[in-house]
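Database features (Swiss-Prot):
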type    : residues                                                                                               : note
TRANSIT : 1-15                                                                                                   : transit peptide
BINDING : Gly131, Ser132, Pro133, Gly134, Val135, Gly136, Lys137, Ser138, Ser139, Asp274, Ser310, Ile311, Met312 : GTP binding site
Amino acid sequence: MVVRSLLRVSRLTSASCRHASLAVSSTPKPYIPSVTGVQKSMPFDNLLEQYSRVHWDDSVTYDDPNVQKLFKSLMSGSRAALASAITLVESRHPTKRAQGNMLLKMVLDEEREKYKKFGRDSMIFRVGISGSPGVGKSSFIEALGAELTENRGKKVAVLTIDPTSAMTGGSVLGDLTRMQELSRNPKAYIRQSPTSGSLGGVTRGIHEAVILCEGAGYDIVIIETVGVGQSETSVSDMCDMMCLLLSPAHGDELQGVKRGIMEMSDLLVVTKDDGDLKAKAKMTQAEYISALKFMRPRLDVWRPKVMRSSIMDKESVSEVCSSLYEFWDTIGESGDLERRRQDQMKKWMWNHVKDEIMSVFQKHPKIAHLAPKLENEIRSGKITPGLAAETMIRTFFGV
């Protein structure tokens, strides 16, 4: 009897163990798609903390001597310090990037105090200028800069964005040769930056450069883009005003400009209003005035203007300049300026998140090890790009 009971207990225990084993084996495991030639193990999990120390530097503090020295020189209006500061915030080096972020925080704190004392008078006017190649952007900016510095007593900063070649990685950066007079003006500062393929054509540090120009005491910053496209959308997210330049020499100019570019523009200027093109410029102006009637203005307090200008006629440049500041006063009094600045800061936070995540993702040991193999699988047609992307993302998160 005792033996029979022991045998029954033994059988029950054995069955329980089998059920427990099945329960354990049925526990869901992390899903990793089956990809030929890719090792499914994750040997780099322990490197995440070390990798974060390579990518970010937390040792930079408010008392960093390099940051303090650069901050004092920048606040005194040094153009050399401004150039060094912009280079610092554009750097990808962890320590330099940390120093750049600390410098930006100090500048923003200082500008906040100035705003409490002087209000809108302490703020820099941000103007984006766009237009198709050959419209005369550089010549117009030089004429506008001369009007602002010589006749209106303003300090002008010009930030130009040149496209980076997708084939060679180089860029022309030729605006300094086209703005020779303005580059020699002591009240002007010109900085050229390649897009480096980031943010739809807007270089990574351009927004920070605007903040640094404000800290250096400049009254107006002009951001010039090359061509019309995605970069104009990004530039409009960091400017107070968008100015679109149009050329009467390009035939049917109205067909060559995207509706979205016109809708985000606050001022349209037909250039080269002189000589044989004067009649054509007047006709182009009339066409755009008519076209704008069918578009809703970006702001309720401002209806976009269409003007004509020629760098040969200083009075026409002065009229454009007056329209710029008419817009500035209008949005300042209505409260749209402060609201727009706040929205821009939020958008640029998410732009930086996207840019930073992509950089971290591509350089992470897991992905650096996995990506070349997945690329080979895509080339051989054994896996779709979508599945390869999912594999990398799930490998990165370990799920």
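Cβ atoms are placed via backbone N, Cα and C, with glycine included.
Given the structure is predicted, the values throughout are model-derived calculations rather than measurements.
Positions of the features from Swiss-Prot, shown on the structure.
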residue : record           : DSSP (3 states)
Gly131  : GTP binding site : strand
Lys137  : GTP binding site : helix
Ser310  : GTP binding site : coil
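Least crowded of the binding-site residues (Gly131, Pro133), judged by neighbouring Cβ atoms within 10 Å of its own Cβ: Pro133.
The most densely surrounded of the binding-site residues Ser310, Met312, judged by C-beta neighbours within 10 angstroms, is Ser310. Around Lys137 (GTP binding site), a 10 Å sphere centred on its CB holds 24 further CB atoms from the protein chains shown. The C-beta environment of Ser139 (GTP binding site), restricted to residues of the same chain at least 6 apart in sequence and closer than 8 Å, consists of Arg178, Ile311.
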